[in-house]
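Pulled from Swiss-Prot, these are the features on record:
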type    : residues                                                       : note
BINDING : GLY170, ASP171, ARG172, GLN173, THR174, GLY175, LYS176, THR177 : ATP binding site
SITE    : SER363                                                         : site 'Required for activity'
Amino acid sequence: MATLRVDEIHKILRERIEQYNRKVGIENIGRVVQVGDGIARIIGLGEIMSGELVEFAEGTRGIALNLESKNVGIVLMGDGLMIQEGSFVKATGRIAQIPVSEAYLGRVINALAKPIDGKGEIIASESRLIESAAPSIISRRSVYEPLQTGLIAIDSMIPIGRGQRELIIGDRQTGKTAVATDTILNQKGQNVICVYVAIGQRASSVAQVVTTFHEEGAMEYTIVVAEMADSPATLQYLAPYTGAALAEYFMYRERHTLIIYDDLSKQAQAYRQMSLLLRRPPGREAYPGDVFYLHSRLLERAAKLNSLLGEGSMTALPIVETQSGDVSAYIPTNVISITDGQIFLSADLFNAGIRPAINVGISVSRVGSAAQIKAMKQVAGKSKLELAQFAELQAFAQFASALDKTSQNQLARGRRLRELLKQSQANPLPVEEQIATIYTGTRGYLDSLEIEQVNKFLDELRKHLKDTKPQFQEIISSSKTFTEQAEILLKEAIQEQLERFSLQQ
């Protein structure tokens, strides 16, 4: 019979006791009672916060949105196909946040800031909360710097300033995305960081936008956040906040940023889906009661910061889709009331070949001429009024048998003004060329031309002005004023081009 070696056992026990590392941690644990349709109901998790991240046993993450007396409603940040009833869930003690850094420029990412462009991982040392508080009133200053879109109709009559929120609204297939992407293309060389957020779009549409950015060299200063139509509702709901967090990172580093939300109608629909599955009471159009807060807390993050915070800015261009031109629906009226103006895109104008199809009469910018350079104010001051009078006269002329000479001249001038506002896609114009174009139309130099000739003449005029009168561009860009010398140079160029054009015909 073997004898017990007491001293050896004693030695082993002593070593084990010395090696024992006492770790006591309290974890907030719950159990899944129901899962499906992107929603999980959990019992337990007694100390959880609203909006806190949770982690399921198989690795999926979720956000706590409904805190009820008997259970917690979690929205899943993934398909959750492997989550089983009865499995454990752990609260992380953290609110949703994403990594942020300069390395995100030129990349395509999802709502969790993970790259989806196949170009490898993104290294980031800092992080920001996906939902952070908007700058206070004291932290802001009024909008005073223009953000040029490159579109004559907008920059001359519905100007957008850095730090403004301007809604782009219209039916489907009226060119809303084209207006937004052209604005991004026009920021090349302007030291503006752009963030394009695609919510619930077709993957082919997003790929087309990214290809355009690459071809035009815009990806160097742009981040694309994309959640496609087949993404979970939770990620479509989060995508705009992720984009805003990235834009804020640059804004608080004294940079100017532009963010496009394409489009907020899809985000509202994703939020409605989540809310109905969480059994929240539905309101108007089955949206939950806090759908206004969904958009207001997002758009209020756009701001022009004061000098103490570095005068950075975040300009937001949210897009909202209407059904058959109904701007009195719930989501359009909500976003109109939050933003500092709106650009209406009309299906009738689009089908009539007027592109961008901007209805200048009912579009408005509440910042107004504060967001224009002096030269643009001098030249384009009355153009919106002239176009409004033309539209009124045109409606009257349909029923009038004979018009007096003054009315006929006004109609002819209005048609030419409307023609000069036409621009092809991905062809934004610098502000100096816009000023030359508007001056030519409003001063009557186009009256002698046929309407079909207007755009050809203007293209040639802009090229002629650039080649033979480079001083014109220098005067406008340096002084921001339409001086007498600039006017003389422009008049000379117009006269020369009119003579050349008449000889060509």
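For all residues, glycine too, the Cβ spot is worked out from N, Cα and C.
Shown on the structure are the features that Swiss-Prot records.
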{"residue": "GLY170", "record": "ATP binding site", "Cβ contacts under 8 Å, 6 or more apart": "LYS176, GLU321, THR322, PHE344, LEU345, SER346, ALA347, ALA357"}
{"residue": "ASP171", "record": "ATP binding site", "Cβ contacts under 8 Å, 6 or more apart": "GLU321, THR322, GLN323, SER324, GLY325, LEU345, ALA347"}
{"residue": "ARG172", "record": "ATP binding site", "Cβ contacts under 8 Å, 6 or more apart": "GLU321"}
{"residue": "GLN173", "record": "ATP binding site", "Cβ contacts under 8 Å, 6 or more apart": "ALA347, PHE350"}
{"residue": "THR174", "record": "ATP binding site", "Cβ contacts under 8 Å, 6 or more apart": "LEU345, SER346, ALA347, PHE350, ALA357"}
{"residue": "GLY175", "record": "ATP binding site", "Cβ contacts under 8 Å, 6 or more apart": "LEU345, PHE350, ARG355, PRO356, ALA357, GLN425"}
{"residue": "THR177", "record": "ATP binding site", "Cβ contacts under 8 Å, 6 or more apart": "SER205, VAL209, ASP262, ILE319"}
{"residue": "SER363", "record": "site 'Required for activity'", "Cβ contacts under 8 Å, 6 or more apart": "MET157, ILE158, GLY341, GLN342, ILE343, PHE344"}
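Secondary structure at THR177 (ATP binding site), as computed by DSSP, is helix. The residues near the ATP site, meaning same-chain residues not in GLY170, ASP171, ARG172, GLN173, THR174, GLY175, LYS176, THR177 whose C-beta sits within 8 angstroms of the mean position of the site's C-beta atoms, are GLU321, LEU345, ALA347, PHE350, ALA357, in sequence order.
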